[in-house]
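Noted in TrEMBL for the protein shown:
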- H85, H87, H126: Fe cation binding site (BINDING)
Amino acid sequence: MNSDNDLQIAGDILEVPHLLQPPREHPATVAEFVGLARSIAADRSQWAHLVRYDATTRWYHRLRTGPGYEVWLLSWVPGQGSGLHDHGRSSGVLTVLEGALTERTDRATRALPAGAQRVFAPGYAHEVVNDALEPAVSLHVYYPGLTEMPMHTSPHCEARTAPRAVTA
Ligand SMILES: [Fe+2]
């Protein structure tokens with residue numbers, strides 16, 4: 001016990017109702033959405049058997065839905081990319097599960113190794129690409145669920161054909 005701390009709770013702590021609330025079934029804060037993504041990432045049995053790789057188009061699978069949010073699983077073979085886009089009114093959490101991805105924005109290029117997470121607000125524009133030699137898998141949580149993904153023009157994308165992607 002920390003003797004410098006003279007704060008003590010008198011009475012029965014279990015009688016304080018707000019301390020007894022059960023954990024929420026669904027995430028509601030940015031930290032909880034990040035936590036949801038981390039918990040799925042850490043449990044391969046939830047996603048590894050679902051992953052497919054498609055050289056002709058980026059593969060995606062809706063892994064989970066909840067009140068106001070969706071969780072998508074995506075795969076990226078080497079060279080596949082999203083094109084520069086935003087996410088409409090959705091905010092999101094991108095988590096790299098396997099392999100490595102590169103995120104490009106107008107301001108920066110970021111290497112995203114396995115375990116990396118990016119949290120973005122509505123209107124955030126980026127391009128995600130697998131510049132590596134191995135396939136990659138990523139998890140994307142959108143709140144609210146993604147209903148549009150407007151494509152932007154980008155100097156990064158001029159030389160490539162931007163695929164019509166549903167999620168990224
Ligand atoms: Fe995206």
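Every residue, even glycine, has its Cβ placed from backbone N, Cα and C.
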Collapsed DSSP category at H85 (Fe cation binding site): strand
Output field, Fe cation shell: CB within 8 Å of site CB centroid, site H85, H87, H126 dropped: S82, L84, D86, F120, Y124, A125, E127, V128, M149, A168
All-chain count of other Cβ atoms within 10 Å of H85 (Fe cation binding site): 22
